[in-house]
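What TrEMBL annotates here:
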type	residues	note
COILED	224-251	coiled coil
COMPBIAS	582-617	compositional bias 'Basic and acidic residues'
COMPBIAS	618-634	compositional bias 'Polar residues'
COMPBIAS	635-644	compositional bias 'Basic and acidic residues'
COMPBIAS	658-669	compositional bias 'Acidic residues'
REGION	576-669	region 'Disordered'
TRANSMEM	6-21	transmembrane segment
TRANSMEM	33-52	transmembrane segment
TRANSMEM	103-126	transmembrane segment
TRANSMEM	146-165	transmembrane segment
TRANSMEM	177-201	transmembrane segment
TRANSMEM	378-396	transmembrane segment
TRANSMEM	425-446	transmembrane segment
TRANSMEM	466-489	transmembrane segment
TRANSMEM	523-542	transmembrane segment
Amino acid sequence: MSGAALGLEIVFVFFLALFLLHRYGDFKKQHRLVIIATLLAWYLCFLIVFILPLDVSTTIYNRCKLAVNSSPAESNGSYVTLAPSKQKCFKPWSYIPDGIMPIFWRVVYWTSQFLTWILLPFMQSYARSGGFSITGKIKTALIENAIYYGTYLLIFGAFLIYVAVNPNFNLQWNQLQTIGIAAANTWGLFLLVLLLGYGLVEIPRSHWNGAKRGYLLMKTYFKAAKLMTEKADAEENLEDIMEEVRKVSESIKYNHPLRKCVDTILKKCPTEYQERMGRNMDDYEDFDERQNSYPSEKSLAKLHKQVIYSVQRHRRTQVQWQILLEQAFYLEDVAKNESSATRQFVHTFHSQEPENKIIQYFYTPTVEWYWECLLRPWFYRVLAVVLATFSVIVVWSECTFFSTKPVLSLFAVFIQLAEKTYNYIYIEMACFLTIFFLSICVYSTVFRIRVFNYYYLASHHQTDAYSLLFSGMLFCRLTPPLCLNFLGLTHMDATISHKNTQPTAYTSIMGSMRVLSFIADGFYIYYPMLVVILCIATYFSLGTRCLNLLGFQQFMGDSEMTSDLIDEGKELIRREKRKRQRQEEGENRRREWKERYGKRDDSTRNRAVHTDQKESSFSETNANRPLSKYTRSNGRTERDRIELLQDAEPLDFNADSVNDDPLESDSGR
């Protein structure tokens with residue numbers, strides 16, 4: 001089993017990242033480099049979260065071996081004896097041989113840092129560029145990132161000059177590397193605490209509210225009203241952009257040098273607009289530079305960028321509107337079926353997508369009624385209580401993990417108790433649940449957050465390339481400080497525990513943070529305590545209230561604006577419901593008409609076809625008769641067929657009256 005657990009988790013995490021990326025991205029329409037870069041960023045970050053518990057159990061086993069092999073006289077050396085007595089150390093089932101984990105962490109960490117600080121920002125500008133060639137897009141991306149990269153180079157250059165001039169500093173390459181890692185982790189920890197404080201409260205609360213049927217339905221109505229406004233705005237914006245494209249397409253003719261750029265823009269437009277603009281365009285009209293003023297390539301690149309953005313936004317709002325309608329209809333069905341006496345779930349509309357036969361066999365209407373109307377609310381309440389308990393433990397540990405005597409961090413207490421008995425399975429499960437919960441709180445906030453229309457992760461393949469790359473940047477910047485924070489909560493980091501013990505392989509590549517004592521002993525320890533203030537602010541919805549005061553409509557039960565939007569959304573859902581009901585009634589009437597009169601129509605159609613066949617055979621006979629007179633038959637079958645046709649012909653045969661022109665023969669007959 002040596003190394004097998006590492007290999008299995010590497011494969012499992014890859015498919016997990018691929019599944020999530022397939023849910024949010026679009027493999028068919030988006031650029032392959034965007035998909036590969038985002039997949040690599042997500043994969044590396046998820047891999048760190050899943051592999052770190054194995055590193056902890058392997059480190060505890062190595063500490064046990066050192067403690068057993070060391071004598072009391074050697075206890076003042078590099079490592080101290082952790083076990084109270086020399087007992088046999090049991091190798092964990094997921095033990096990773098020495099030398100593998102440091103190389104693995106070094107490759108994963110530096111690859112993720114290269115992605116987040118160099119490659120992904122460049123690819124963001126490249127993806128949003130409206131250039132018509134690879135060279136043009138690269139040039140635009142370099143210009144946009146000049147300030148971004150120049151700022152880092154300026155800060156780093158100033159720091160190097162200060163170190164070189166000051167004689168009190170004698171920094172080596174390893175120390176400079178540690179300073180760079182500390183700077184990156186400090187930036188990530190600053191953002192980590194903000195996202196963690198929101199997720200620790202919002203995740204349990206969202207599951208608790210998920211058990212309230214009326215709450216979910218009212219919130220869906222509220223979302224419908226907001227989404228309809230955004231949908232109308234996207235349609236209006238698309239119409240304006242398409243009008244500009246039409247004017248440009250009519251002004252730049254087929255033999256203009258920039259016509260290829262216009263054709264590239266037209267390919268990005270929806271199909272109905274392409275057909276409309278194709279009908280109104282005269283490609284045979286030459287252009288005249290003296291009479292018309294033509295746009296430049298730079299303005300066409302800007303228009304190209306606007307077309308890509310407007311089409312993506314329009315498509316996304318259309319898909320989200322259909323998904324929200326299905327959700328609203330389903331919640332209304334749940335509210336209607338709660339008082340059902342038959343205890344069978346009845347849907348107002350049938351599912352448009354074909355359901356799996358296995359799911360239909362087990363998930364019957366009766367099972368669906370018991371789950372949706374009885375069991376699901378209680379399941380969500382129990383899950384919310386469990387998540388709230390985890391949140392309280394995390395907040396307590398974040399405020400007390402710096403205390404080593406006594407140990408107040410509950411996660412450190414659990415790990416140390418398991419370490420005494422060398423229960424590696426319990427250690428790995430406790431570590432995995434802890435870091436997994438922290439990751440859910442942080443990553444779910446990244447998926448939920450929306451920065452106007454510039455960053456928004458939309459499911460059902462509706463996320464644009466810019467948002468995918470930006471999410472990869474956030475994951476790569478948040479994951480290393482998240483793992484360091486987890487190791488501090490469990491006292492596996494020597495900087496926190498103040499013990500001269502063997503560090504984990506992950507902390508060994510970070511270097512000693514003692515180089516920057518004000519960060520190691522100050523910021524890393526006391527800044528996470530701000531999570532308490534952020535949790536309190538999230539619990540009382542201070543951020544939501546501030547956004548509501550600034551004019552950004554947020555769902556608040558005691559707001560008059562919220563009530564108006566709920567009523568508006570309810571009316572929109574009712575209107576769409578009536579529209580779909582009329583469509584289904586029309587389809588049912590057409591189906592009944594076809595079933596009732598279909599056989600009669602088929603018999604009439606068959607008689608008409610039979611009559612046409614007889615007429616066609618009759619005309620073929622008249623056309624082929626003179627040929628049979630002047631040609632010799634090569635077989636008995638052909639001669640028999642001609643004789644049968646002659647017998648069926650009641651008219652007299654006259655070779656002189658046969659005309660070679662079939663049109664004239666038909667008219668004569």
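The backbone N, Cα and C atoms fix where each Cβ goes, and this holds for glycine too.
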Annotated stretches the transmembrane segment (425-446) and the transmembrane segment (177-201) touching (3 or more Cβ pairs under 8 Å): yes
Contacting positions for the transmembrane segment (177-201) when only residues 6+ beyond its ends and CB under 8 Å are counted: 113, 117, 159, 171, 391, 394-395, 438, 440-442, 444-446, 449, 474, 477-482, 484-485, 510-513, 515-516, 519-520, 523-524, 527-528, 530-531, 533-535, 537-539, 543
Criterion met for the transmembrane segment (103-126) and the transmembrane segment (466-489) (at least three Cβ pairs under 8 Å): yes
Non-local residues, at least 6 beyond the ends, that sit with Cβ under 8 Å of the transmembrane segment (378-396): 196, 200-201, 203-205, 207-208, 210-211, 408-411, 437-438, 441, 489, 531-532, 535
Intrachain residues whose Cβ lies under 8 Å of the coiled coil (224-251), provided they are six or more past its termini: 262, 265-266, 269-270, 273, 276-277, 280-281, 287, 292, 294-295, 300, 303, 306-307, 310-311, 313-314, 316-318, 320-321, 324-325, 328, 553, 565-566, 568-569, 572-573
Averaged pLDDT, computed only over the residues in the coiled coil (224-251): 92
